[in-house]
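*Asks:* Take this structure first; my questions come after.
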């Protein structure tokens with residue numbers, strides 16, 4: 001340094017200090033000859049500091065000395081050996097050693113092993129240590145799952161704690177057409193995974209266990225499932241192997257199981273279009289309780305021409321015994337596509353929940369509820385909610401050939417149907433509730449309810465249901481002596497039907513309330529062979545004037561009750577053409593806007609309620625006043641003068657009165673002067689008919 005600055009404190013601004021600092025920094029940063037430079041103190045002896053170049057050299061030496069030098073020094077008993085550096089290794093009898101640190105090199109070994117051995121460290125695993133430290137070092141470690149019995153303290157225990165994975169059993173796969181795992185037949189590996197999970201539960205006392213598949217494509221024939229085993233797909237696609245036999249199920253859970261689950265994201269792919277048209281299969285086949293199928297794509301299941309088998313997910317009883325029914329099962333968040341038969345079939349089940357799924361482009365129903373056989377299947381409690389259906393033939397079919405109450409307590413709501421023939425199709429069911437926000441675009445029936453006499457249908461409610469298109473909005477049909485017991489239709493919006501918005505046959509306990517209809521062709525509401533039906537607050541609008549009744553009571557219908565009707569665009573409001581005379585109850589006022597004939601009834605029918613109108617007397621002693629409400633034995637008619645001439649007439653000997661015996665049922669009543677002489681013909685009256 002040019003100046004002695006040892007007396008100046010740190011931070012001094014003295015020019016000499018600044019000069020020395022500049023010189024030191026120049027050496028520290030730019031020298032390629034000096035590894036060290038001396039600082040200026042101060043107020044202590046100067047210390048050596050690393051130059052930048054010196055730090056580089058020191059680092060390079062460290063890297064160089066970190067590896068072992070090969071070939072090793074050979075130790076020969078009885079011969080001295082000098083070890084110059086710590087990186088040198090010594091070989092004796094095939095084993096490697098290094099000098100134990102710390103040590104002062106060079107180290108002189110005597111050649112007497114008993115004296116030299118304490119100075120050395122056994123190093124035969126050093127190369128393995130370095131290989132294990134590499135990025136792929138984990139591939140050198142073997143592992144076989146064991147049962148945990150203590151807290152996790154080792155890598156072995158940590159590995160034992162993770163879900164069982166199918167790749168643990170890849171060694172069992174023998175059918176490998178190519179190195180690509182997507183071409184292998186993984187059935188043995190999946191079966192071993194499931195069986196191992198079952199064994200683990202039996203030995204550990206666990207109630208359920210988790211397995212893991214994905215990601216990747218795995219070709220399989222059929223996996224026989226076990227109770228308690230839950231599998232997370234993790235992006236896996238389980239795909240039917242090209243050699244799969246006819247009639248199998250990709251996942252076969254039919255051994256009277258309990259507590260099983262299949263969770264996405266993942267795919268169950270039957271790959272049906274690559275098989276012979278006669279090839280049949282199921283996706284997930286369950287004879288089980290406590291089942292969950294969630295967040296999966298289930299696609300390409302079934303056969304092209306054979307309609308037995310072919311379901312995406314099916315719940316069944318034991319066949320033929322019928323001694324086991326599915327229970328507490330859920331399918332949610334799944335997407336079904338290109339399913340040849342039913343996307344989901346319930347042939348047996350208590351508390352079955354089908355929630356928030358998508359159903360697309362499949363041959364038959366999104367959900368088919370159909371008891372297996374005559375006495376084997378039992379269905380009690382099915383919820384179908386929040387689903388989206390597009391391109392299936394049916395939305396929900398619930399069909400049984402069993403006796404009363406074989407299928408009951410079915411609730412459907414909040415579903416959307418597009419491009420379907422029928423949204424709902426019920427046969428032989430009881431306690432069914434449909435609607436609750438449903439929207440349906442159909443080509444035939446919004447809801448079809450059927451009874452043929454072999455089974456009965458009871459307690460059907462359709463509420464808050466919007467349907468458009470098709471032939472019928474709601475069609476309750478009976479044949480061969482069939483009948484319905486209690487059907488309630490409320491808060492419906494029906495548009496664009498070609499035959500009838502609502503037709504109901506052979507029902508006791510029919511209620512139609514708060515229904516809004518807009519049509520431009522076909523008939524109106526048709527009630528046939530029903531006992532005491534009630535229609536309230538029905539709004540019927542013909543988009544063009546339709547020459548049909550808005551509401552028709554026909555056949556053996558008895559005691560119909562109507563009220564609050566709002567009808568426009570029809571030539572006839574309410575038509576009663578029953579085969580026998582009956583009493584019609586008018587429950588409240590009705591509005592017939594532009595309807596030429598508000599009421600059309602067969603003579604003899606008695607319409608309870610109140611009818612009113614006006615007329616002008618003829619210049620005669622008597623005249624007939626038309627009114628469909630007239631009943632010759634029961635009607636009470638009041639005449640109300642509405643001008644001075646009528647008041648004068650009523651105050652004198654010519655007072656007009658109604659002669660029931662000369663009137664005609666449902667056609668007209670006879671008005672006659674009291675003295676039998678002619679009225680002036682200028683008298684105007686209002687009338688009120690009371691049918692009590």
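Yeah, the Cβs are placed from backbone N, Cα and C, and that goes for glycine too.
Found this in Swiss-Prot, in case it helps:
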- 326-348: repeat 'PbH1 1' (REPEAT)
- 349-371: repeat 'PbH1 2' (REPEAT)
- 379-400: repeat 'PbH1 3' (REPEAT)
- 406-428: repeat 'PbH1 4' (REPEAT)
- 457-478: repeat 'PbH1 5' (REPEAT)
- 507-529: repeat 'PbH1 6' (REPEAT)
- 557-578: repeat 'PbH1 7' (REPEAT)
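So where do these features actually land, and what's packed around them?
*Replies:* Counting same-chain residues at least six beyond the ends of the repeat 'PbH1 1' (326-348), those with a Cβ under 8 angstroms from any Cβ of the stretch are 264, 272-273, 283, 286-304, 307-317, 354-372, 376-379, 382, 392.
Listed by sequence, the residues of this chain that lie at least six past the ends of the repeat 'PbH1 2' (349-371) yet keep a Cβ under 8 A from its Cβ atoms are 302, 310-312, 315, 325-343, 377-402, 406-407, 410, 425, 429.
Model confidence over the repeat 'PbH1 3' (379-400) stands at 95, taken as the mean pLDDT rounded to a whole number.
According to DSSP, the secondary structure content of the repeat 'PbH1 4' (406-428) in residues is 0 helix, 19 strand, 4 coil.
Across the repeat 'PbH1 6' (507-529), the DSSP tally of helix, strand and coil residues reads 0 helix, 17 strand, 6 coil.
The list of residues near the repeat 'PbH1 7' (557-578) in space but at least 6 beyond its ends in sequence, with Cβ under 8 angstroms from a Cβ of it, reads 524, 527-551, 584-602, 605, 607.
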*Asks:* Under 8 angstroms, Cβ to Cβ: which one of 406-428, 457-478, 507-529 has the largest number of such pairs with the repeat 'PbH1 3' (379-400)?
*Replies:* 406-428
